[in-house]
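One structure below.
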Amino acid sequence: MCSLPVPREPLRRVAVTGGTHGNEMSGVYLARHWLQAPGDLQRPSFSATPVLANPAAAAACRRYMDRDLNRTFTSTFLTTKATPDDPYEVTRARELNQLLGPKASGQAFDFILDLHNTTANMGTCLIADSAHNVFAMHLCHHLQLQNPELSCRVFLYQQPGEESYAVHSVAKNGIGLELGPQPQGVLRADIFSRMRALVAAALDFIELFNQGVACPAFEVEAYRIAGTVDFPRTKDGDLAGTVHPRLQDRDFEPLQPGAPIFQMFSGEDVLYEGESTVSPVFINEAAYYEKGIAFIQAEKLTFSVPALPSLTPTPTPVP
């Protein structure tokens, strides 16, 4: 299934972005820390650049000021002529595109690692655009091998034919780390430490790749977005029920037809009416209420990832 070209040169320009959503505190405070003390991000062959992606939202401890920054890195937003009335996040996306891109150009950063928290019970989730990204799949596999106790699941968010819209799409390659559950505006020490360790492991993998280490082929399980489900609502659009207790906190677990998914305020249960078993993710995510999403339906799939060949050493110039 993987088919995108793999890097054939060392990755020298790497960025770690935190605070893309200003109330997801692990990334906010790691970015702020690394801007002052970047030693954790240094490796023999490169030094990763820390970026506080949405400083205005981070200062206000809000997800965003005007619109979701992590849905704003499409060509429509990045290439449209700027105006004084542009939403803050559109302006900021263009600034980040200049800093870390330009998107889809040879001048773009080699890799972006984007840091997120979720209020849902997602555990440690590795987010990539698609299964066709060989390098990203190998990095995810490395994180899984290094952290077997975390059950690092891979979630593929890009739908067929859809342009990648996340901040890491500005670079030639990238993934997102999604850790939870953690309330918005709250910093938990355990999740902060876990995210810090995962960033270190990801940078270590890039260093191994730069040093010429080859990675064998493997089989991987991943979860690919298949659709979304909204809450039950009144005719005026208000909530008429909430996530059922038997579904709450069961992210990535199989959801079978006929299982309860919502509990109406009037008391009755709403059952899942799909024709096949799916894996719900981002169940009752606080940030998705405004998007009309109670949970995302994902399909679990297994596919082969080809070997990641070692880089050819660069000949040393003869004096």
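Glycine too: its Cβ is placed from the backbone N, Cα and C atoms.
Now, the feature entries from TrEMBL:
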- Glu178: active site, proton donor/acceptor (ACT_SITE)
- His21, Glu24, His116: Zn(2+) binding site (BINDING)
- 11-206: domain 'Succinylglutamate desuccinylase/Aspartoacylase catalytic' (DOMAIN)
- 219-300: domain 'AstE/AspA barrel-sandwich hybrid' (DOMAIN)
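TrEMBL feature annotations superimposed on the structure.
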residue : record                             : CB count, 10 Å
His21   : Zn(2+) binding site                : 25
Glu24   : Zn(2+) binding site                : 30
His116  : Zn(2+) binding site                : 26
Glu178  : active site, proton donor/acceptor : 24
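Across the domain 'AstE/AspA barrel-sandwich hybrid' (219-300), DSSP helix (H, G, I), strand (E, B) and coil residues number 3 helix, 35 strand, 44 coil.
Note on proximity: among His21, Glu24, His116, the binding-site residues of the record, the Cα nearest Glu178 (active site, proton donor/acceptor) is that of His116.
Within 8 A of the CB centroid of the Zn(2+) site residues His21, Glu24, His116, the other residues of that chain are Gly19, Thr20, Asn23, Gly27, Arg63, Asn70, Leu115, Asn117, Thr118.
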